[in-house]
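*Asks:* What follows is a structure written as structure tokens; I'll ask about it next.
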Amino acid sequence: MSRRSLSPTSPTTSSHSRSSQSHTITTITARAVARLSHDDSDTDSEDDIVVTVTSSKASPATSSLTSRSSSTAWASSTSTASSPSPAMPDGENTPLVPKHDRTPAHALNHPWHKKPKLLTYAESLRLVPWQTDNEWITRGYRPQLRSIRSCLWSAIGYVHNETVNIHTHSIGAAFFAFLLPYHLLSTHFPSLGGFFPTVAGGAPVATVADKLGIACYCVCAVTCLGLSSWFHTVQCCNREVCALAHSGDYIGIVVLIVGSILPGMYYGFHGSLGLQVFYMAAILGAGITSGYIVLSPHHKGHRWHRTLTFIALGLSAVFPVAHVMIAKGLDFARDKMGVSYIVAGGASYIFGALLYAGRIPERLAPGKFDYIGSSHQIFHCFVLLGAWFQFSALRWMSVGRAVGGW
């Protein structure tokens, strides 16, 4: 409950007679001390309200109206804190809100195509707390930009501490978007001709069935990388946009992991419909469960919980791969399924995720990796590396299945 106390100055009048033809200017000055509690802070702030009622050479009727206006202004300024406070002329035409929760005027009115003043960690935590979660990154934060257009311009118009995160995955999304039609339209795999020669000595022929796994994976990779890049672009817009984009980022990670495993089940258990359906259903179920966990309010704020959930989902591929190795032998897994690529891809994902969860290296040297070299940026690079390894494994499997006939 906030309290506002007003101390009006004594009005000066030249006459108390109602028949007087004129009177001097009457000014009411009120100082309101607003102590407003904020959801995320216990600090108080003070704001000045100045209400001026002026009349000159007023008739008795006008003087009476002026008196009523003054009373109205007095009553309005002493309204309870539970009522929304109107905008007051405090120099910036901003509402009566705690100063610690105000977005600076230069951010509110800043042209979308100009670089704003970047914030330190302390400033960002105070003004844009929803995008601030790494105390070891000390500067380079964008202020609240308040429009998607301004956020999009920030991705290409100037450098800040999210620039590398945006472009590592935007470039990756564009790369896999190019690979999708390239492989759908190709009829051969010329680069693998030396490993899987056909009877005629030419490059292996790519059938429609052989392309399905790669097409599925490319779609999942574009989805994950695109949603990640979008989140890092718009997270400074407002709290609601950031929360929605962040949820999309989590879903994209789940989609990429599941999309990396499902095509392997198709190739690895080709000819065994029952095993294909069983493992695909199990992986889909694990993906849905993981998505529910990372999006639930209980786990959403716990970085290690999310990281371990993603790692556990990726490690679920161990069971079908082990099944293939036991049923068909190590040579088959190595030569036909490219299991070495699968292991390399999984190791890249896990290593990058552990660096991200541990905030390494920025926690070892705060302020040294604000713009480049932070754990999140390294994690993005390892995601790209792991995605390429998984793509190589699926390409190996698709050609091996086409040539080997398994």
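Using N, Cα and C of the backbone, Cβ positions are placed for all residues, glycine too.
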*Asks:* Taking H160, H183, H232 as the options, which does TrEMBL list with H376, H380 at the Zn(2+) site?
*Replies:* H232
*Asks:* Report, as numbers and ranges, every residue of the chain located at least six residues beyond the transmembrane segment (250-269) whose Cβ falls under 8 Å of a Cβ in that stretch; write 'none' if there are none.
*Replies:* 212-214, 216-217, 219-221, 223-228, 275-276, 279-280, 283-284, 286-287, 290-291, 294-295, 306, 310, 313-314, 316-317, 320-321, 324, 337, 342, 345, 349, 383, 387, 390, 393-394, 397-398, 400-401
*Asks:* Any idea which of the binding-site residues H232, H376, H380 has the thinnest Cβ neighbourhood at 10 Å?
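*Replies:* Among the binding-site residues H232, H376, H380, the sparsest Cβ neighbourhood within 10 Å belongs to H376.
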*Asks:* Other than H232, H376, H380, which residues of the same chain sit close to Zn(2+)? List them in sequence order, counting a residue when its Cβ is within 8 Å of the Cβ centroid of the site.
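*Replies:* In sequence order, the nearby non-listed residues are E162, V164, N165, I166, T168, H169, S228, Q377, F379.
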*Asks:* Other than its close neighbours in sequence, what residues sit by the transmembrane segment (338-357), given a CB gap under 8 Å and a spacing of at least six beyond its ends?
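*Replies:* Same-chain contacts beyond the ends: 257, 260, 264, 303-304, 307, 310-311, 314-315, 317, 321, 325, 375-376, 378-383, 385-390, 392-393, 395-397, 400.
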